[in-house]
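Quick look at what TrEMBL annotates:
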BINDING   GLY15, SER21, ILE22, ILE95, LYS167  NAD(+) binding site
ACT_SITE  TYR150  active site, proton acceptor
ACT_SITE  TYR160  active site, proton acceptor
Amino acid sequence: MSYNLLKGKRGIIFGALDENSIAWKTAERAHEEGAQIVLTNAPIAMRMGKINELAEKTGSEIIPADATSEEDLNNLIEKSMEILGGKLDFVLHSIGMSVNVRKGKHYTDQNYSFTEKGWDVSALSFHKVCQSLYKADAMNEWGSIVALTYMAAQRTFPDYNDMADNKAYLESIARSFGYFFGKDKKVRVNTISQSPTPTTAGKGVKGFDGFIAYADKMSPLGNATAAECADYTMTLFSDLTKKVTMQNLFHDGGFSNTGVSNEVIEKFEK
Ligand SMILES: NC(=O)c1ccc[n+]([C@@H]2O[C@H](COP(=O)([O-])OP(=O)(O)OC[C@H]3O[C@@H](n4cnc5c(N)ncnc54)[C@H](O)[C@@H]3O)[C@@H](O)[C@H]2O)c1
């Protein structure tokens, strides 16, 4: 169902790898809500991915960009404004990757060049995206920038590894850049802290099956799906949330404020 929430709006969506990606669902929803979008992903991911299918479905163009490269980002932003015919109203940062996780390095045995690479891709890239947009004056007033995060930034989930630290840094950027973007450009910057979601990045977390089932049993409303995350993001890209900024917004069925649920207690009753 469409509410035309993004009618006439233009934006860039980072991170659609396949149909499970949160960014994929968000691009589909933004299109349904009347937005014109440019899709982007790392050149290597696009070779393996199915992004062309999504571009066709949403009538959008694709511009490759490594989110750690300022040059790529500047090019992406300039070209996007040309293609879309004006400044941007929204941007989704839906990017994450830990080399330590990929290579099976434990949190207590990091390879720091892996740590730095993961931090650059997962956290600093958000600053780079914001800075490129800011310097190019690419956002319309009352525009909205959203990045995706996870609650391991506040509470420890042992197998989330160095991504926990990356997410804490990412959430801090939303506050720090949110201040300047708000003051100088009237643009809001927020993070959405999403439930565990079965995507390529999500399934990379060790013990993901147990982890997602536990979160579902703990959450009064159950886990939030990728499609539901896309719905929520539509509200943040719309004009209905103009004064929401510098926030980390939990989209997790209530998990973050639940101490324990009856379902979990039952598992431990003798
Ligand atoms: N899946 C979950 O359980 C979950 C929960 C909370 C938050 N998140 C966050 O949601 C976001 C999207 O992840 P997802 O779950 O949809 O998985 P996904 O694997 O579908 O998406 C991750 C994306 O990051 C892209 N990427 C990696 N390196 C890049 C680079 N250098 N430049 C540009 N793009 C790059 C990948 O190509 C991919 O498209 C991530 O920030 C992730 O941490 C995921």
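Cβ coordinates come from backbone N, Cα and C, glycine included.
Values in this document were obtained by computation on a predicted structure and should not be read as measured data.
Here the features listed in TrEMBL are painted onto the structure.
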| residue | record | CB count, 10 Å |
| --- | --- | --- |
| GLY15 | NAD(+) binding site | 25 |
| SER21 | NAD(+) binding site | 26 |
| ILE22 | NAD(+) binding site | 26 |
| ILE95 | NAD(+) binding site | 25 |
| TYR150 | active site, proton acceptor | 26 |
| TYR160 | active site, proton acceptor | 23 |
| LYS167 | NAD(+) binding site | 25 |
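For the recorded site, TYR150 (active site, proton acceptor), the DSSP three-state label reads coil. Separating the Cα atoms of TYR150 (active site, proton acceptor) and ILE22 (NAD(+) binding site) is a whole-number distance of 13 Å.
Look at ILE22 (NAD(+) binding site): DSSP puts it in a helix. When secondary structure is read from DSSP and collapsed to three states, GLY15 (NAD(+) binding site) falls in the coil class.
Look at TYR160 (active site, proton acceptor): DSSP puts it in a helix.
Taking ILE22, ILE95, LYS167 as the binding-site residues under consideration, the smallest Cα distance to TYR160 (active site, proton acceptor) is found for LYS167.
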